[in-house]
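In Swiss-Prot this protein carries:
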BINDING   K112, S113, T114, Y115, A116, R117, T136, L137, E138, Q157, Y171, Q181  dCTP binding site
ACT_SITE  E138  active site, proton donor/acceptor
Amino acid sequence: MTIKSDKWIRRMAQQHGMIEPFEPGQIRQDANGNKIVSYGTSSYGYDIRCAPEFKVFTNIHSTVVDPKNFDEKSFVDFHGDSCIIPPNSFALARTMEYFRIPRNVLTICLGKSTYARCGIIVNVTPFEPEWEGYVTLEFSNTTPLPAKIYAGEGCAQVLFFESDEECETSYKDRGGKYQGQVGVTLPRA
C-alpha cells in the first residue's frame, strides 16, 4: 500500500467524485480574510471540514452509554457556526464533504494539531473500500474547561492508501451498517 499525493487526490475527486464538495488547494482564510483552521488538499492528504450539525453529550436522563443499545437521549442536538463542548465531555458532528472511496483504497483519518494542542481530540475510524457517505466525527474535550470547535473549518486530515490489489470483499459488498450515512450517525449494533 502506498500513500497517495495531492495530484492523485485532485484527479480522483475531480474525475470520479471521490470528495464532494472538493477544494483543490489549501484554504487558510475565510471570505473576509480572517484566519481559520485550514482545510482542503495538502501534500499527502485532505483536510476535512466540520458541518454546522452537532450532537453534544448530556447527562439529563442519566442513561448508561451502551454501544449495543444506544439511547438517543444521551445527546442534545445543536446547529451553529461553532459548538462548545463541556469540560471532559464529547460531541459528534459530520463532515461537510461526502466521500466515495474506491475499491482498492483505504483511508486513515487523524485529528489536526491545532485542535490537539488545545486538548480537543478528533477520532474517526478508517474509511473502508467502497464506503460512501458523510463522515461522522467524534470530538473529545480532554480539558477541565469548555472547548470550542468550528463548523466550516478544518478538523482532521484524511490520508489515502492504495493497495496493490483489490480486496475480495468491500464495505459495500458486506452491507456495512454505516454505508450512505447522510447526517450525524449514532452507534448501530
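Placement of Cβ uses the backbone N, Cα and C atoms for every residue, glycine included.
A quick note: this is a predicted structure, and the numbers were derived from the prediction, not measured.
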Quiz item: Taking DSSP three-state, what's T136 (dCTP binding site) in: helix, strand or coil?
Solution: strand
Practice problem: Take the Cβ of T136 (dCTP binding site) and count every other Cβ within 10 Å, whichever protein chain it belongs to. | Solution: 19
Quiz prompt | Per-residue Cβ crowding (10 Å cut-off), top of binding-site residues A116, E138, Y171 | solution = Y171
Exercise. Would you mind listing, in sequence order, the residues at least six apart from T114 (dCTP binding site) in the same chain with a Cβ closer than 8 Å to its Cβ?
Key: V37, G154
Practice problem: With an 8 Å cut-off on Cβ-Cβ distance and a minimum sequence separation of at least 6, pull the same-chain contacts of K112 (dCTP binding site), or say none. | Solution: V37, S38, D47, V122, G154, C155, A156, Q157
